[in-house]
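Only one structure is covered here, and it is reproduced in the block below.
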């Protein structure tokens with residue numbers, strides 16, 4: 001009788017993890033694009049990128065990449081070592097993410113989403129933030145590759161704050177808040193900061209923790225390297 005090849009648990013779960021990851025990066029890109037196109041307040045990192053883009057006249061997609069590179073450097077300092085596999089994972093995440101946010105936000109603007117009634121836009125903006133938080137929860141738990149800004153939150157969450165997603169998210173927001181303050185002082189203009197930004201600041205960490213428990217609850221954090 002011909003022997004059947006042995007398939008270990010890792011090989012069995014890998015396609016499922018890849019599926020979760022693809023879904024989460026699309027969800028995150030859509031959530032960010034939704035908040036950008038509504039201009040009622042983006043998540044903090046995206047809001048910082050939008051303000052930098054307006055100040056420097058650099059395309060948003062490119063600013064998102066530069067922002068990610070800066071976060072990579074911070075993360076390597078936090079973990080205290082250089083991991084080339086981690087860096088490669090960051091880069092593999094950043095480029096399709098930045099591209100998708102740029103494309104989707106333009107398409108949503110062309111669809112006239114900004115012309116909807118204010119209350120509808122406010123609700124959609126908050127939904128965009130919740131989409132972002134849910135996506136972060138999923139791909140942090142999958143932990144194949146991460147956006148460096150979200151890995152920063154994960155590193156400080158489990159290294160310094162005993163898994164508390166709310167405090168970790170607030171701590172990781174210090175950098176984009178600083179960037180926004182600097183651009184506002186320079187240009188005397190503020191973009192992509194509004195109701196949604198406040199909602200993100202106050203509740204994004206909470207919704208990450210909630211999604212950990214309620215969205216794909218059997219999916220646990222894997223292979224943490226902090």
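Cβ atoms are placed via backbone N, Cα and C, with glycine included.
Note: TrEMBL annotation is automatic and uncurated.
Small disclaimer: the values here were computed from a predicted structure and weren't measured.
The transmembrane segment annotation in TrEMBL covers 20-45, 57-80, 87-106, 118-139, 160-185, 191-211.
Residues 25-26, 28-30, 32-34, 36-37, 46, 59-62, 64-65, 68-69, 71-72, 75-76, 144-148, 151 of the same chain, all 6+ positions outside the transmembrane segment (87-106), place their C-beta atoms under 8 angstroms from a C-beta of that stretch. With a cut-off of 8 Å on Cβ pairs spaced 6 or more residues apart, the transmembrane segment (160-185) and the transmembrane segment (191-211) reach 3 or more such pairs and are scored as touching.
Sequence-distant residue pairs (6 or more apart) of the transmembrane segment (118-139) and the transmembrane segment (57-80) include fewer than 3 whose Cβ atoms are under 8 Å, leaving the two stretches without contact.
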